[in-house]
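To start, the structure itself, in structure tokens.
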Amino acid sequence: MYIHHHCLSFLIILIYSSYIVCQRSSPLKVEKDAAVYELLEKYHHFTELDRLLQQWGKNYTKIAQILNIGRSVTGRSLFVMHLTLPLVTDIEKEQDEKQLLKPKFKYVANMHGDETIGREMMMALIYYLLLNSKSDTRINRLLSTTDIYIMPSMNPDGFESSTEGLCDSGKIYGRGNANNVDLNRNFPSQFKPLKPLTNGTMTDIFYQRQPETIALMKWILKENFVLSANLHGGSLVASYPYDETIHHTDRTYGQSPDDSLFRYLARIYANKHLTMSKGEGCAAEFSGGITNGAQWYDVPGGMQDFNYLNSNAFEITLELSCCKYPSATDGILQKEWDNNKEALLSYMEMSHLGIKGFIRDAKTHTGISGALIQVEGVLHPVRSVKYGAYWRLLLPGLHNITVTASGYLPQTEFNVNVTNENLTNALRLDFNLQPISPDTLSAVKDVSSINDVYNLLSTYAEKLMNTSRENVLKTLIEPTTKFQYHNYDSMVEKLKELNNQYPNITSLYTIGKSNEKRDLWVMVISDQPLIHEPGEPEVRYIGNIHGDESVGRECLIFFIEYLCINYEKNEYITQLINNIRIHIMPTMNPDGFEYEYKQTEHAQGPGRLNANHIDLNRNFPKIELESLNNQNDNDIVIPKQNTDNNNNKYYLDELTNTQKNLEPEVRAVMHWSIIYPFVLSANLHGGALVANYPFDKKIENSNRKESKSPDDQTFQMLSKAYSYAHPSMYKGNACIRFNNGITNGAAWYVVDGGMQDWSYAYTSDMEITIELGCNKYPDETDLKSYWDDNKGALLAYITQVVHGIRGFVFDSKTKIPLSGVVIHVHGIQHNVSSYRDGDFFRLLTPGTYDITAERIGYQSETKQSILIGSQSSTYVEFKLKRKDFLNNDNNNKNDTKGIFSTFVNATSTNVRTLFYRIKEFILHQKLFLIIAGICALVLSIIFAIVVINLRFCQGSTSRGHTGFQRYEPLVQDEGDLPIMERHNGRKALRNNHIIGSESSDDEDDHTLFSSKINKSMISS
């Protein structure tokens, strides 16, 4: 039995070894590998690279296309090899769904001229794909299912200036382009503004950038890539976005919304690379061979972030070698090819993760380009492209996918099961959107109907603020949740339970992580929870910023369930959810609460802080205030001029350069505040019973009792809404006495670095701080009474978002919505701005106002005497006209324009007259029919003569004997192999059965070397 067992094992090993030897020893495969190794015997300078790419393009015309997407500073072409099977025209592609749904993939190498390994790996990869396009099943499948674009060198000038054998040029020789600019710092940064010109126009994203950068940007924006990688040198690691954070400090994790997906993609490359994941040598600092870009070091203006933020492409950065420009001796390039070949191929196959499909008009079945594809819980939409095609890379799991497009009703597919089992074909998921028409107009909210709804909501809020409070609340269903404290795990479990129970109106997402890596969860509640609906305001509640102030945390958990269980059962709640998008974060400080939860005595100090022992409500960027020069009210203060809530994304960068120690919880909330168009917010505290409004900060050395903001009256209105809807807060006689249960923050005590001041100064959001009770951490048995006191006030407060003004801003000519338009209320020095759909909201107290809309490049527009009532907000629509800078120079230009216009008009009249005369002649004159008949007869005779002549010529050539073969198949059997000969001690091929052809592609499709000469295609 022992001998039999070992004999069987030996037999299996022998058979498997024989199989491997047969595979490895195939003469065709050996020759193809040898050809790639021969290519990698040396580096290829621009002239050689140009010659090789051009020759390969000519030899493989059916699968390869050489592109030139631009030029370097010195005029060298930026070549790209496009590889796919078959290579079809745009006209052929639009008739074939399979071709339209091929994802586009790109590799870009040699961005830094002295980082050269990637450049040669790309040359080897192109050649390898071409040689194996027919004979290798995997390569054939990859080319048949993917549009592959490979750029060997983005910086040819830098390469030509670099020195072989120099491992680190120290940013001097060749790293930059011919202008000595680092191209991987030259792309637009998400944290730096575009520059306005002196004439008032705004520069575009290409302004003052390098020609290589501009070429890449335009290529990226045009081609709609799905997956990408750029190849560098100097380390051995796969780096993923973000490369840049708002603080521009190294070792700060730049988490993107697709962080998990990016880590997976980076791991694929690192694990398939022969050494990258082992963490040896210069890779020792990177666990598993991957790193977040900003966690390694900050790169403002990098290419991988530009891809992710401005296109559909997911890009990572691959550092391929510790030495940037090693000598090609001792087979170093061949060794690097062995290290990278499998990783390069496997990464390209990741283009087929997730879902793909078409987004079409349900009635006409035509494609819809520009539609947004949003995945629940991932704050990064992609867009459909030409013909409505889209691709969305996803990890395995159940996903809710929502598609929105202008002029169509949104559509959501729930629980889409992504498995990624087939890496040659992503899951097909098509959407057919219903256009908005008279039949579906009821689904679109017009101004009049919104006014009616807002009046209704306002009426309910007023009842909650007076003696009718209990009459409203008794009509609502109470939550079933037990009144107890939820630690982190039980809170998450409860939130997920509610999300699963009410999937049509809730979405659960995280905005980041705490110091101890707990997720900062947010539940959004809306009839369209996955999207921002144009014209619908967004509000938020934040609880538990201080870990030991626990009532707000529990009230918000109850409040989420309260809203959900009453939806479509109560008119007030239903209209609230249908018309306002509500975001609720039960805890901003989960670490502090976890500490407090485990204590036997509460509110003693440490639980107030986060895990890093920092008070989060003192950690926001500090606001510097100055007096407003207003004779009517000298108590009003405003943020200094370097603070601008209309350019928050850009000024945050400057502001936080001096704020090096912002906590992760604070950074997450700041980012959240920027990307969502919140109109109204409140953060919930404990330790008093009062509604506290800005400013919390005072002017330095000021003797003023209060620190009033320009919106002081509006803030008082908002604060009273909560106070008066609370059964006892408005009385102001709790542990600390406050008139009407409200207070200006600084009048109570000064807070420097508070959240409500930052929100008001740097966003369009108006936020107050609500203290829910004198006891910060009451006993669980008291939680029900706290809930009963606050549930009506929580409803009444968010309903205040219906007051003031609302509207849209459009381009008067194109009718396109305008984002970033400054909305200025005369007499109030605080502006808001329009969101991406052109919608804006401005909370105001009742009165009459003049409103101005301003945007760089447009003429401002003012609406005068806008009346704002006590209920529904007033709708205002602006249509801005573009400034015409070309026609305002002088009268002579106007005179010249007038003369030219007269000439054009006269010429147009003559052309139209001639056209109608010709049309009349063709349609009604018999002479035209006679002339047309004679012409047709003559053309027929000429055509017949040409055909007869061609037939005669064909019969006398060898092509009549051999026939024409469009694409000669690669040899598959050893009997079909070309004969090997040696010339000057080197191998060459002699084809012993050549077929005549006019195409060099037919001639060389399966050969390794040119059959026209007896030497290698690759010069030594």
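The backbone N, Cα and C atoms fix where each Cβ goes, and this holds for glycine too.
Here is what TrEMBL records for this protein:
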{"type": "SIGNAL", "residues": "1-22", "note": "signal peptide"}
{"type": "DOMAIN", "residues": "42-351", "note": "domain 'Peptidase M14'"}
{"type": "ACT_SITE", "residues": "Glu319", "note": "active site, proton donor/acceptor"}
{"type": "DOMAIN", "residues": "484-801", "note": "domain 'Peptidase M14'"}
{"type": "ACT_SITE", "residues": "Glu771", "note": "active site, proton donor/acceptor"}
{"type": "TRANSMEM", "residues": "927-948", "note": "transmembrane segment"}
(request) For Glu319 (active site, proton donor/acceptor), just count the other CB atoms lying within 10 A of its CB, please. (result) 25
(request) Taking the Cβ of Glu771 (active site, proton donor/acceptor) as the centre, count every other Cβ atom within 10 Å, in any protein chain shown. (result) 26
(request) Could you measure between Glu771 (active site, proton donor/acceptor) and Glu319 (active site, proton donor/acceptor) for me? Cα positions, answer in whole angstrom. (result) 52
(message) Can you give me the average pLDDT across the domain 'Peptidase M14' (42-351), rounded to a whole number?
(response) 91
